[in-house]
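Trainee: Sharing a structure below in structure tokens format, with a few things to ask.
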Amino acid sequence: MFIPAAQSAYRTLRKTQPRVRLNALLKNGYSSKVEYKPIRSVLVANRGEIAIRVFRACTELGIKSVAVYSEQDKMHMHRQKADESYIVGKGLPPVEAYLNIPELIRVCKENDVDAVHPGYGFLSERSDFAQAVIDAGLRFIGPSPEVVQKMGDKVAARVAAIEAGVPIVPGTDGPVTTKEEALEFCKKHGLPVIFKAAYGGGGRGMRVVRKMEDVEESFQRASSEAKAAFGNGAMFIEKFIERPRHIEVQLLGDKAGNVVHLYERDCSVQRRHQKVVEIAPAPRLPIEIRDKMTEAAVRLARHVGYENAGTVEFLCDESGNFYFIEVNARLQVEHTVTEEITGIDLVQSQIRVAEGMTLPELGYTQDKIVPRGYAIQCRVTTEDPANDFQPNTGRLEVFRSGEGMGIRLDSASAYAGAIISPYYDSLLVKVISHASDLQSSASKMNRALREFRIRGVKTNIPFLLNVLENQKFLHGVLDTYFIDEHPQLFKFKPSLNRAQKLINYMGEVLVNGPQTPLATTLKPAIVSPHVPEVPLVTEPPKGLREVLVCEGPEAFAKEVRNRKELLLMDTTFRDAHQSLLATRVRSHDLLKISPYVAHKFNNLYSLENWGGATFDVALRFLHECPWERLEEMRKRIPNIPFQMLLRGANAVGYTSYPDNVVYKFCELAVQTGMDIFRVFDSLNYLPNLILGMEAAGKAGGVVEAAISYTGDVSDPKRTKYDLKYYTNLADELVKAGTHVLCIKDMAGLLKPEAARLLITAIRDKHPDIPIHIHTHDTSGAGVASMLACANAGADVVDVAVDSMSGMTSQPSMGAVVASLQGTPLDTNLDLRTVSEYSAYWEQTRTLYAPFECTTTMRSGNADVYLNEIPGGQYTNLQFQAFSLGLGDFFEDVKKAYREANLLLGDIIKVTPSSKVVGDLAQFMVQNNLTADQVLERAEELSFPKSVVEYLQGSIGIPHGGFPEPLRSRVLKDMPRIEGRPGAELKDLDFDKLKKELQESHSCVTNRDVMSAALYPQVTNDFLNFREKYGPVDKLDTRIFLTGPKVGEEFDVPLERGKTLSVKALAVSADLKPNGIREVFFELNGQLRAVHILDKEAVKEIHVHPKANKSNKSEVGAPMPGTVIDIRVQVGDKVEKGQPLVVLSAMKMEMVVQSPLAGVVKKLEIANGTKLEGEDLIMIIE
């Protein structure tokens, strides 16, 4: 390389008059007269990073640079990096614009251009282009047209290699243009063979064929690709060498016949014959083989009269034999690694040679060219390695590069806001590392790639990182099978991309409104609830959980029974907000207060925080994982037992499941942090109850069997559910092995006197079993009833913190605590602590205003003793009534609920049986039906699905049997289930379910599989949502529900030590033609913009439909591209794997195959249709 003084002297020399040197006459076309003529301007007949690479060399040499660009590239960086730029190929397809030789010559002539640099690809190996440049009186920066023609013709190149004594691989004598010729060669010489474009390289139009039946299709595809890339579809065929290394030698020659090599590069890391990673020099290549190979390359170059830069490519087998492949009579993409190890600027050298300077004048004699260290080049492309490396297009929303010592970046489109189009190669940036040895160079490359942040398009960086960490690669043990034989290279840890996904979510909310349905028009309060402080550096005090963990469930139950004080279970984390706020309280707000609860309420019996409706609501409406909620709460509250609601054989669902699903669910729940299972059945149906008890017990949990309470044991006229009914049930549950016995008063019907009678009767029969009472305060008598239970011998009662208590929730914690102070049953809780806890929830509750029960319910109501609506259902039923337009008739709904219950046989009412009653009640009100009319018209009415399934026996058998004649009239000849509904269900195949999920989603965990076993579609929707929008549970509740206000600044803590700083800047008022609005944010001080489809506005605009990923019948475009061949029509029968459509993009063709067997129902495309990724192609039924 020139030092600055030499650079200055060189520029001075360039300004002198042309001069002539006399040299000895040489063979092979070299000139005996070498004329030096400085170049003052260079046009680069190319685009992208190679154009910029040449411009930079020109600038350093004081030469004017001139760019050309297509219409599609008018915003591309390469035109902006040049001193001048001119459009070419108006009206032509994108690639053809750069292949228009007459127009390129015209631009040169009109703008005083001295020389043309072809770059690589496009016209770089077209001898007619080189000749046209020279004929126009310009200089071509490359070999002579004759050499370009000879080396570009693979047959002539082979002949030259033979003449020069360079080993070759057997192949065709000339270009092959028909599939018949290809088939004939293959039959004659045998397989495997390789098809290669006769007039171009770079892996385009290259196919390896190992089966005779694939010859014709492979030839057609390869030929078509070659024609698209190089303008000629002729192919060259040769025998395929197994397990070779691909090694190429970089050459530099001048007009005087001097040729030197700049050592070799190893390009064996390839995929589909496309180089992915290149290394210089080739590791583990014996010096004697290197010397023979470089000598052969130089000998061939001299034989053909080669000048300027070029590459001779070889295949080297395991025995050290090497074979000539071809000559690339141009600059290579991977020239960078050679520059790094030799210190020679190849592009500047090309220009200097074209001016007439000789290699000795440049200081390039073979003895002075010495390799230093190792260099690696990684081609970062916009291809998705997890999706068969399909090209990905779109807008670079974020671009942050990796830099630092020993790292070089060659790029063109790598900046935020750049558009990656489907028209050209997918190369985004070349990253080059250089260090003293291969391992150090790989380490630098690894570090640099990990620093990259690219959002908006997929890249191959995860794949490159896997390559760089492979031990064989690090030790230089490479051949062209490297990628194929290391499937672990394709196991990626997906990029979290959390920040970009979250601002996409917020943009979606700002443009299209809330992404979870809001029950009312009320808005969340603008408030940040005060979280009382606790000493987080100290462990929370020990609680009852220590007994459970150390000694087991039996010892735990014994300890509970031995306690003298009344123990409390806090329902604030689950049932309280299910009753008051439609189950919508998010993990975000639960976790904030969790450390305080752990430190201040360690003597609670338990914290009810999971199961029941919270499970599916978390997935369905809050877009968060219920398992993660449980896990995170356990981390923050290690000392208090957790309790969940288990619906017996229904787990946390609304239907019956195979037994192994219930067992697996309980096992996973315990592993994730659950302790106590309150097991109940909505009909008190013992077979269902006992299955749940067995599953919870086998998992290692505390079994708390629950008797669902209805009726009134203090009323002698209510005989169906009398005291004997409950004591008999208690006997059965104790006999079945329950650790704790629970009375589940889900509607708040247990009056104080009834409580005294019931608890006394059970305590007398079972003096050693702990008794736990659950109720709702709908009537307002909850505190009185719980105190009566306590005095009658109950060990535990349920309460909710004051600001989350009352009405359909549980009785007030503060009221119970205060009432028992100074008595033998004193809870030992500090009322001031309760008040501080309550203050947090009083503020937090205002964030959930859209779901606030007080919108429709102003106070408790003793009419619950008449309608018996469970507390958790009461408010939900109210919201449903409003959504169905029955808000003004809610009193009628409540009355109808009572009638529906009696029609169905006066059943136990708790999820899912309560839903059956509620659905029938609303059906009656909507259709203005009385109970008598329902019974009379039962055979002709279309009942809700839940009612029909209940009467069939799908949730069990009610006490006293099914109501007749209603059941017979509704079901007629429908099938009926006898016995436990899940008993006959076949075990679920969890492995199969996991594989099915993995077909559609990345990073599927066993928790996701469990969720899908319970709620298949809900889980699928959740996984899609999470993949698209990220961890929305990290957002503050107001922002999650209604989005940030424009101008608002806020933080989003992702994890310990990682916090996003976000500011919402603006929503574009202008709508793009495709219905997109741009939303602007500032993220960690940097501008980010996201494009959001305006779903309301797009109704007026035609936009190509997208394929639904979760529907296998909808075939989507695997990559952006143009339809060039449609092989089926509507009505055609297709088999799985059958070719349907051929797409072309980025000079690559792809056959879209059928994902299933079926019939083509609808085509959404035509030949020439331009598609984006995931655009709908067709529907197959």
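Cβ atoms here come from the backbone N, Cα and C positions, even for glycine.
Just lifted these from TrEMBL, have a look:
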- 38-488: domain 'Biotin carboxylation' (DOMAIN)
- Lys154, Glu238, His273: ATP binding site (BINDING)
- 158-355: domain 'ATP-grasp' (DOMAIN)
- Arg330: active site (ACT_SITE)
- 566-835: domain 'Pyruvate carboxyltransferase' (DOMAIN)
- Asp575, Lys744, His774, His776: Mn(2+) binding site (BINDING)
- Arg647, Thr911: substrate binding site (BINDING)
- Lys744: N6-carboxylysine (MOD_RES)
- 1112-1181: domain 'Lipoyl-binding' (DOMAIN)
- Lys1147: N6-biotinyllysine (MOD_RES)
Trainee: List only the single closest residue to His776 (Mn(2+) binding site), chosen from the recorded positions Lys154, His273, Arg330, Arg647, Thr911 by CA-CA distance.
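Mentor: If we rank Lys154, His273, Arg330, Arg647, Thr911 by Cα distance to His776 (Mn(2+) binding site), first place goes to Thr911.
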Trainee: Within the domain 'Lipoyl-binding' (1112-1181), how many residues are helix, strand or coil going by DSSP?
Mentor: 0 helix, 38 strand, 32 coil
Trainee: Would you work out the biggest C-alpha to C-alpha distance among Lys154, Glu238, His273, the residues that bind ATP according to the record, and give it in angstrom as a whole number?
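Mentor: For the residues that bind ATP, the greatest Cα distance is 17 Å.
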Trainee: Between the Cα atoms of Lys154 (ATP binding site) and Thr911 (substrate binding site), what distance do you get, rounded to the nearest Å?
Mentor: 76
Trainee: Taking the Cα atoms as reference points, how far is His273 (ATP binding site) from Arg330 (active site) in Å?
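Mentor: Between the Cα atoms of His273 (ATP binding site) and Arg330 (active site), the distance comes to 19 Å.
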Trainee: Quick check on the binding-site residues: of Glu238, Asp575, whose CB has the lowest count of neighbouring CB atoms inside 10 Å?
Mentor: Glu238
Trainee: So how many other Cβ atoms are close to Thr911 (substrate binding site), meaning within 10 Å of its Cβ?
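Mentor: Result for Thr911 (substrate binding site): 25 other Cβ atoms within 10 Å.
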Trainee: How long is the line from the C-alpha of Glu238 (ATP binding site) to the C-alpha of Arg330 (active site), rounded to the nearest angstrom?
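Mentor: Given the Cα positions, Glu238 (ATP binding site) is 23 Å from Arg330 (active site).
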Trainee: Within the same chain, and leaving aside Asp575, Lys744, His774, His776, name every residue whose CB is within 8 angstroms of the centroid of the CB atoms belonging to the recorded Mn(2+) site, in sequence order.
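Mentor: The surrounding set, listed in chain order, is Thr571, Asp745, Met746, Thr775, Asp798, Gln810, Gly871, Gly872.
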Trainee: Compute the average pLDDT of the predicted model within the domain 'ATP-grasp' (158-355).
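Mentor: Here the mean pLDDT over the domain 'ATP-grasp' (158-355) amounts to 92.
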Trainee: Are there any residues at least 6 positions away along the chain from the residue listed as 'active site' with a Cβ closer than 8 Å to its Cβ? List them or say none.
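Mentor: The list for the residue listed as 'active site' reads Pro118, Gly119, Tyr120, Ser124, Glu125, Gly142, Ala309, Gly310, given in order along the sequence.
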Trainee: Counting every protein chain present, what is the number of Cβ atoms, excluding its own, within 10 Å of the Cβ of Lys154 (ATP binding site)?
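Mentor: Other Cβ atoms found within 10 Å: 25.
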Trainee: Please compare the binding-site residues His273, Arg647, Lys744, His774, His776 by how many other CB atoms fall within 10 Å of each one's CB, and tell me which has the fewest.
Mentor: His273
Trainee: Which residues, same chain and not among Lys154, Glu238, His273, have a CB within 8 angstroms of the centroid of the CB atoms at the recorded ATP site?
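Mentor: The surrounding set, listed in chain order, is Gly171, Ile194, Phe195, Lys196, Ala197, Met206, Phe236, Ile237, Ile325, Glu326.
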Trainee: Do you know offhand how many angstrom separate Arg647 (substrate binding site) and Asp575 (Mn(2+) binding site) by C-alpha?
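Mentor: Just about 14 Å between their Cα atoms.
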Trainee: Measuring Cα to Cα, how many angstrom lie between Asp575 (Mn(2+) binding site) and Thr911 (substrate binding site)?
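Mentor: Asp575 (Mn(2+) binding site) to Thr911 (substrate binding site), Cα-Cα distance: 13 Å.
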